[in-house]
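So the structure is just underneath, and the comments pick up after that.
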Amino acid sequence: MKITIFGAGAIGGYLAAKLAIAGRTDLSIVARGAHLEAIQANGLRLIEDGEESMAPVRAAAKAEELGAQDYVVLALKAHSLTPALDQIAPLLGDHTSVVTMQNGVPWWYFHGVGGPLEGTRLNAVDPGGAIWQRIGPQRVIGSVVYPAVEVDAPGLIRHVEGKRFSLGEPSGERSERVTLLAEEMVKAGLQAPVRDDIRSEIWVKLWGNLSFNPISALTGSTLAAIVADEGTRALARTMMLEAQAIGESLGVRFPIGVDRRIKGAGDVGEHKTSMLQDLERGRPMEIDALVSAVQELGRLVDKPTPTIDAVLALVRRLAVERGCYS
């Protein structure tokens, strides 16, 4: 089984290290800069459960060096996907499956859903439908990523908690390709449940991200602080209820209530969201996949999003001023 991880940051690096240590797959990664140089020189190092391991990994700067794969795991952020299409193309053969590990609403959301929205492209995450055309939704295996992982230094990945990567076909079927991939991930020491409704699981994670991420960026607050404050907690709750109405109109099942989801966010503690961290570091922010796409879905199903609209306008303006959004 030939697998390439495209985007070997924290999550991509962790998955690559686990698969490489297991030694059951023909594994490669596409990386760049100091990270690539460190991996080529010293292997990919992983700190997990207090112990450090070294995984010998084939690392390349260009996908042309690797050729067509059985699976390509896209572990880069959603806004980085369109600019990377030319680099990804050499990895795609006639039977290559593509595993999407981005946060937020996926570009393939309306593939295989049936009904009047079947085949709808979402401009917020796939401007002009370029990803849909170049990669093709028929290749996709969806996923929801839960591990907390950090890059401590070039070539050094530190696992904090969590080992679950939920997988699912857009159609909901338990196909051979998703089953085989899940088996390899489990044998590598990961949890890889195969879901028959991956969209609903995507929504449950998105539910918190679309509210807490922009509020955190706007206020400079941690999850615990947002939940502890009556005003920001109410703001997050209103955004989540607007999103829930959109999701349910699309057939999404929310297995928990909004207040339980908010409590879960608060229990994470003094954690800065990824959007706040990106703002502080001057990096591009995941505004479109986490928030703009939900607004776009609301328009498609005729559900009002006044609170989401207001928060989106504010966080987008802030990001533009800081050079973190264009």
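The backbone N, Cα and C atoms fix where each Cβ goes, glycine too.
In the three-state DSSP scheme, N103 (NADP(+) binding site) falls into the coil class. A sphere of 10 angstroms centred on the C-beta of N103 (NADP(+) binding site) encloses 21 other C-beta atoms. If you look up Swiss-Prot, you'll see G7, A8, G9, A10, I11, G12, N103, E286 marked as NADP(+) binding site, on the strength of similarity to another entry.
Long-range C-beta contacts of S274 (substrate binding site), restricted to its own chain and to partners at least six residues apart, with a cutoff below 8 Å, comprise N103, N213, E286. Residues or ranges marked as substrate binding site in Swiss-Prot (evidence: similarity to another entry): N103, N209, N213, S274.
In the three-state DSSP classification, K205 (active site, proton donor) falls within a helix. K205 (active site, proton donor): 16 other CB atoms within 10 A of its CB, across all protein chains. What Swiss-Prot records for K205 is active site, proton donor.
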Most crowded position, judged by CB atoms within 10 A, among G9, G12 as binding-site residues: G12
Substrate site, defined by N103, N209, N213, S274: further same-chain residues with Cβ within 8 Å of the Cβ centre: G104, L210, F212, T273, M275, E286, L290
Position of peak Cβ density within 10 Å, selected from the binding-site residues N209, N213: N213
Least surrounded among the binding-site residues, given as A8, I11, when other CB atoms within 10 Å are counted: I11
Cα distance (Å, whole number) from K205 (active site, proton donor) to G12 (NADP(+) binding site): 19
Greatest C-beta neighbour count within 10 angstroms, which of the binding-site residues G7, A10: G7
